[in-house]
Amino acid sequence: RTKRDVCELPFEEGPCFAAIRVYAYNAETGNCEQLTYGGCEGNGNRFATLEDCDNACARY
């Protein structure tokens, strides 16, 4: 997958319940948003920091 592909994926919180704060790119708004990740599964549209999300997706 390319970075563009990852950034176009919808955020998936996954089935677990760890409640980890992460950032994901919202292709509809064109912004990275803070969301809650369950800690397992999900997809590549998940970043530890806002900066990582912006660097990967914000202006692709």
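Heads up, the Cβ atoms here are built off N, Cα and C, so glycines get one too.
Partner cysteine of CYS53, as given in Swiss-Prot, is CYS32 (from among CYS32, CYS40, disulfide bond). Checking the candidates CYS7, CYS16 against Swiss-Prot, the cysteine paired with CYS40 through a disulfide bond is CYS16. In three-state terms derived from DSSP, CYS32 (disulfide bond) belongs to an extended strand segment. Ranking the disulfide-bonded residues CYS7, CYS16, CYS40 by Cα distance from CYS53 (disulfide bond) puts CYS7 first.
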